[in-house]
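Going by TrEMBL, these are the annotated features:
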type: ACT_SITE; residues: A:Thr191; note: active site, nucleophile
type: BINDING; residues: A:Thr154, A:Lys180, A:Thr191, A:Glu278, A:Asn401, A:Ser406; note: substrate binding site
Number of protein chains: 2
Amino acid sequence: MNASPLARPFPAMPAIAGVGLRVARARYKAWDRCDLTFVTLAEGTSVAGVLTNSRCPSPEVEWCRQALVLGQARALVVNAGNSNAFTGHRGRAAVEAIAARTASAIGCVPSDVFVASTGVIGVPLPIDKAEAGLDAAFAAEPCGWEDAAATIMTTDTFAKGAVTTAVVDGRTVTLAGIIKGSGMIAPDMATMLGFIFTDAAVDPAFLQRAMTGANAQSFSCITVDGDTSTSDTVLAFATGAAGNAPLVDDDSDGADAFRAALADLCHQLAVLVVRDGEGATKLIEVQVTGADSDRSAHRIAMSIANSPLVKTAVAGEDANWGRVVMAVGKAGEPAERDRLSIRFGNTLVARDGLAVEGYDEAPVTAHLKGQEVEIGVDLGIGEGEATVWTCDLTHGYISINADYRS
Amino acid sequence: MNASPLARPFPAMPAIAGVGLRVARARYKAWDRCDLTFVTLAEGTSVAGVLTNSRCPSPEVEWCRQALVLGQARALVVNAGNSNAFTGHRGRAAVEAIAARTASAIGCVPSDVFVASTGVIGVPLPIDKAEAGLDAAFAAEPCGWEDAAATIMTTDTFAKGAVTTAVVDGRTVTLAGIIKGSGMIAPDMATMLGFIFTDAAVDPAFLQRAMTGANAQSFSCITVDGDTSTSDTVLAFATGAAGNAPLVDDDSDGADAFRAALADLCHQLAVLVVRDGEGATKLIEVQVTGADSDRSAHRIAMSIANSPLVKTAVAGEDANWGRVVMAVGKAGEPAERDRLSIRFGNTLVARDGLAVEGYDEAPVTAHLKGQEVEIGVDLGIGEGEATVWTCDLTHGYISINADYRS
């Protein structure tokens with residue numbers, strides 16, 4: 001599989017004190033690549049996370065939901081090639097076996113071990129392969145971020161990571177994240193699998209609030225195909241190795257800076273997922289303003305971003321604003337046809353419910369030929385606004401998904 | 001454009017007393033085909049209808065919504081090639097001009113004239129072309145159903161009509177319908193353009209109740225691409241020429257038979273629209289049972305029917321039930337993973353939240369190779385049920401919509 005035309009090179013990412021990365025071959029599929037990622041976390045590491053709202057979640061998601069309540073983490077295990085979703089008690093048994101074996105190897109309790117899996121649905125994760133893979137990982141040399149990011153991939157076409165820093169309590173802390181996902185992407189409070197690591201000392205409750213806030217503006221604002229995975233998981237781990245006075249609430253020194261850095265990192269990671277959307281050739285940013293409320297703006301933006309007709313029009317480099325009107329109209333949110341304005345890039349093509357007569361088509365055409373397309377919609381009825389990101393819908397998406405066998 | 005592989009031959013349809021059909025060339029686009037349909041209706045014709053719930057409807061939809069309140073009709077004008085949607089006061093002026101000219105020609109009031117348009121959004125319907133087309137239609141010889149059904153087409157690949165009968169008050173009445181639509185099909189209480197004619201005498205209020213009921217089980221249960229048109233319109237006209245005692249309420253002689261016949265006709269027409277879904281190669285029936293309520297079952301069924309991953313799996317003839325689980329999970333409706341069962345055709349592939357071990361794949365494969373695919377989902381938690389119809393998602397859909405220029 002060639003890399004997405006929207007791929008980005010993997011960034012230089014420093015080690016995070018307190019975080020150890022290792023990968024191994026569990027051979028969950030008939031492939032010769034690493035597919036098990038094992039991350040050790042220093043004692044005292046805080047954890048927070050957002051998980052899929054699917055009513056049919058994987059046992060991994062249920063496990064993480066329970067373990068997150070305790071707020072502490074010592075290890076993370078990620079399996080690629082088998083999502084273990086919809087596998088009943090045998091799937092649950094596999095998660096428990098992984099947590100137990102890992103806890104025993106590093107000397108912690110099983111609830112300190114977080115587990116995530118991605119891949120085919122409906123096949124119980126083979127415990128023997130998981131255990132052999134874990135044993136190999138325990139014995140492996142540490143690796144870098146790019147190897148870990150590559151090991152969690154499935155249909156992804158490039159390894160995805162991002163890094164940022166913040167000054168907290170007079171110290172520079174680093175936040176690093178890796179993420180995977182390219183189909184079944186319409187996160188409902190979370191996305192496929194994303195993992196964020198920081199050396200900052202952060203109280204779990206504060207970390208959770210910051211993560212929930214960052215998620216609302218990042219992973220919850222992307223869609224590839226409107227399909228929400230059963231396994232969506234984003235976890236944030238804070239080792240505390242930076243030695244700052246722990247962030248506990250909004251008054252803590254550096255709370256705002258940390259929150260902003262986390263939001264920035266989540267945004268970077270979320271957009272990378274869209275850049276690897278199945279079959280994507282264009283990254284689309286949909287900006288909705290003037291809506292009845294932010295929530296209403298978000299729903300309208302997602303209605304546009306999930307519309308197959310809008311997405312195929314962008315693929316065809318066609319400034320088909322009529323399809324944008326259609327998507328606004330079907331969202332079921334307050335809208336007044338005769339106050340609606342639409343732009344592609346910086347060019348207004350419709351205003352007050354009418355085509356802008358004689359607008360200059362040249363900049364619109366040039367904008368649509370680029371890899372990054374911006375669609376702006378102003379409802380003209382309020383102050384609500386939202387931005388979401390998606391990709392175009394192409395023959396590539398059909399080829400990938402009509403040919404992919406379960 | 002070749003006809004859809006799922007196309008059906010146009011049925012033999014008798015004339016309906018009180019209904020006159022004529023077509024003409026308004027030349028709304030640069031084509032040499034009839035694109036204006038003019039239908040005369042006998043004095044005393046009742047009318048009922050269902051219209052799009054889009055917040056950005058066309059002026060035609062607004063016109064019909066107002067005229068339906070009066071319950072009487074003398075003419076119908078349908079324009080193909082230009083939907084006149086999102087055209088502000090100029091679009092409204094075109095509708096008023098059409099109604100006025102038609103009313104003057106046949107001697108009725110403008111509110112007796114129903115107008116529907118389909119095609120590109122955002123270009124005001126040219127009044128001069130409409131008027132010239134109308135004048136040609138007024139002077140034309142009457143035509144048959146197939147010509148009328150072909151004249152209302154846009155990207156449709158075959159003319160679509162259906163007919164049925166019912167015995168009402170001792171007389172056999174006939175119900176005939178024509179319909180168009182192949183993209184932007186996710187009717188929200190109605191679908192693209194559908195027109196139903198009967199010689200039965202039916203009180204408008206009863207006709208509206210019967211139409212609303214039939215719609216809920218037909219047009220509201222189909223989806224091609226999840227995109228809801230700004231122009232969706234289904235109108236039912238009853239001329240009364242059959243001479244039966246008018247149907248006025250549930251106690252009228254033949255009320256049940258008429259309602260059943262109307263529901264049957266709407267179902268036939270709705271499925272024809274799915275058979276002409278853009279790029280469709282397979283007709284998919286999604287049956288959901290055991291849900292919390294019928295409404296919940298409908299939402300789950302639509303979540304499955306609108307899932308690009310389910311639709312591409314069917315295109316690839318892949319019994320990927322994991323994607324069905326995903327679509328159930330994202331619907332946001334009550335579901336218990338470990339009570340869920342899924343079948344393709346008559347073969348149960350998952351039961352109680354687990355793959356059925358060693359199920360016979362041969363009949364599943366054979367079923368998926370056919371043109372009509374049935375996906376059954378039992379939630380196992382209640383009595384709610386629903387059936388919806390959709391088509392697969394193929395390269396054909398992308399080609400049609402990425403290449404179609406506004």
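Just so it is clear, glycine is given a Cβ too, placed from its N, Cα and C backbone atoms.
Not measured: the values here are computed from a predicted model.
Proximity to chain B, defined as a C-beta distance under 8 Å, is registered for the following binding-site residues out of A:Thr154, A:Lys180, A:Glu278, A:Asn401: A:Asn401. The binding-site residues in question are A:Thr154, A:Asn401, and the one with the fewest Cβ neighbours inside 10 Å is A:Thr154. Annotation note: A:Lys180 (substrate binding site) sits in a strand segment as assigned by DSSP. Sequence-distant neighbours of A:Glu278 (substrate binding site) (same chain, six or more apart, CB under 8 Å from its CB) are A:Thr155, A:Ser182, A:Gly183, A:Val224, A:Asp225, A:Gly396, A:Tyr397, A:Ile400, A:Asn401, listed in sequence order.
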